[in-house]
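Contents: one structure, followed by commentary.
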Amino acid sequence: MTSAAAHDYSGVPQGAPVYELTNVSKTYARNQVVALQDVSLTLRKGSFTSVIGSSGCGKSTLLKIMAGLIPPTKGRVILQNKPVTGPRRDIGMMFQQATLFPWKTAAENIVLPIEIRDGKAAAKKAMEAAHDLLEMVGLKGFEDVYPNELSGGMAQRASICRMLITEPAVLLLDEPFSALDELSRDLMNMELQRICREQNATAFLVTHSIQEAVILSDDIVVMKPRPGRIAEVVPVDLPRPRTLDMMTTQKFGEIVDRIRAMLDKGEDM
Amino acid sequence: MTEFQTNHPTDEETVQETVWEQEVAFIDSVPRSVAMTFVFVVFIGTWQLVTALGMVSPIILPTPMETFKDMIFVGQNLLTGGYMLDSLWITILEVIYGFALAIAIGFSLGVLVGETAFGEKAVMPYLVAIDTMPKVAFAPLFVAWLGFGIESKVALAAFIATFPIVVGTAAGLHAADENARMLFKTMGASRMQTLIKMKLPTGLPQIFTGLKIGAVGVMAGAITGEFLGGGKGFGELIRVAASQLNTPRVFSLILYLSVVGLVLYLIVQWTQRRVVFWQKETVGSYDG
Ligand SMILES: Nc1ncnc2c1ncn2[C@@H]1O[C@H](COP(=O)(O)OP(=O)(O)OP(=O)(O)O)[C@@H](O)[C@H]1O
Ligand SMILES: [Mg+2]
């Protein structure tokens, strides 16, 4: 692995394509469900993209294929000029549940990816980085606390740290905050935006919330179900950095309405 | 903006506190020690009454006093290193060896069945089939194979205790949820790493449940083995006392034996609390 400088480890210039998906299709062999059909998508370095679409339209499937967790039936996935053929270090992933392991402290949970890949000694060395990350997400002092004593939001923060510890170039997020209440969710989203900017990471977020997609994204991929495919990619030209009060602006409302109309139309198909 | 009416009490007003007594039924408010003593007294009282009124023959049911006297006698014999201590020690050894064997075999089989598709498909059906048999019926076989020494008792004890440990281990390995599996996959974990760092720790509560059931079974197995296969253990003492219609002795021997079983169970439970420190107590805690 390349060990480049802390904040731009991938070495890819801002705006250059990082992720390239070409005609990705997925049919689950088990039940012959066509989960994805001819999905082509390019993510640019440092961009934030959200996917939105009705339940079962293949969002999680798309994310799993991008992460190298399951193979596509057809098509090509390229990340940083290398085809994705399995889990990779330059991919960070986060799921709906925080999934911290109760027998490890917060810090130990965070260095787990290092422990798995490089062994216990490397994990020990990464402890300091874990402490820094915990401080960054406002969990200073919780390093040695076991997950049982963390609130849902705190656990999600810790799992963000676990995703970031390997300094991934892209972050794949599958409804990471949907288990949180709206208030903490908004705060976590702002936190996420700050982290992505700070680390210059490319983010790809699956969400059910149109507001969340609009406030965070540069582009919103709207998907249609059965078979899952891309209906449209909507650019969001709100200025950066985004703030929560942008949610009350007219422009924000217009984009939300536009996407909602698209999703409603999708339901009829 | 909407204006909200706030309800701060002024100085003159006294705050109406809403501290209230939660209603607890009297019987639930009794401390554990008192409740246990109460049940004990009722039990002994009924026993005394039944025997004192001559409702059953003293050969079938001795009085509490007789039993108590015999317990003291047996206790003295044990403490002074009498022949009963030798017997008890033999039974304890059978239990220890049997449990160790059951843990080794049960855990290995549990991993085979819980982790590999081959084990699940090809081994599990046979285990289920054997498990549904009355395992005690194998005792004469073990005696025929291994003789009248402690080996045949160890075998029966281990045989009975193995199955709950297999089931507990296999169930434990299936306890990890989809998210945890996905997470380990994204981290590029090998199968061995996933097993050791995730599935086994996740399954520890179930594994310990299996161990606890096994600990009870191992005692039953050792004593049954002694009943059916002779030898010099505590079970033999019970059998002899019963054949001599020395019922108080039978009662007091059983009581001492149950102490051994209880200690074994408590050791497993204590280990569980140590090892699975994150597991919440499910009983006995009221407000967190
Ligand atoms: N492992 C699987 N085996 C078979 N079919 C699957 C599998 N996973 C998903 N599917 C099917 O593929 C389709 C897409 O599922 P997917 O989980 O990608 O949807 P989603 O957009 O993430 O939905 P949600 O918003 O509810 O999370 C669904 O019809 C689902 O039934
Ligand atoms: Mg999904």
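Cβ from N, Cα, C; glycine included.
Note: TrEMBL annotation is automatic and uncurated.
What TrEMBL lists as domain 'ABC transmembrane type-1' is B:88-268.
Long-range contacts of the transmembrane segment (B:38-61) within its own chain (CB-CB distance under 8 A, at least 6 residues past either end) are made by residues 30, 245, 247. The transmembrane segment annotation in TrEMBL covers B:38-61 (among others).
Taken from TrEMBL, the feature transmembrane segment applies to B:88-114 (among others).
For B:126-148 (among others), the entry in TrEMBL reads transmembrane segment. Note on the transmembrane segment (B:126-148): residues 109, 113, 155-156, 159-160, 163, 166-167, 221, 224-225, 228-231 of its chain, located 6 or more positions outside it, place their CB under 8 angstroms from a CB of the stretch.
Note on the transmembrane segment (B:154-176): residues 94-95, 97-99, 101-103, 105-107, 109-111, 113-115, 124, 127, 130-131, 135-136, 138-139, 142, 145-146, 195, 198-200, 202-211, 213-215, 217-222, 224-225, 229 of its chain, located 6 or more positions outside it, place their CB under 8 angstroms from a CB of the stretch. Residues annotated as transmembrane segment in TrEMBL: B:154-176 (among others).
Note on the transmembrane segment (B:207-230): residues 91, 94-95, 98-99, 102-103, 106-107, 110, 135-136, 139-140, 142-143, 148, 152-169, 171-172, 200, 236, 238-239, 257, 260-261, 264-265, 268-269, 271-272, 275-276 of its chain, located 6 or more positions outside it, place their CB under 8 angstroms from a CB of the stretch. Residues annotated as transmembrane segment in TrEMBL: B:207-230 (among others).
When Cβ-Cβ distances below 8 Å are used as the criterion, the transmembrane segment (B:250-268) is approached by residues 62, 67, 70-71, 73-75, 78, 88, 91-92, 95, 99, 208, 211-212, 215-216, 218-219, 223, 234, 237-238, 241-242 of the same chain, each at least six residues removed from its ends. Among the features that TrEMBL reports, transmembrane segment is placed at B:250-268 (among others).
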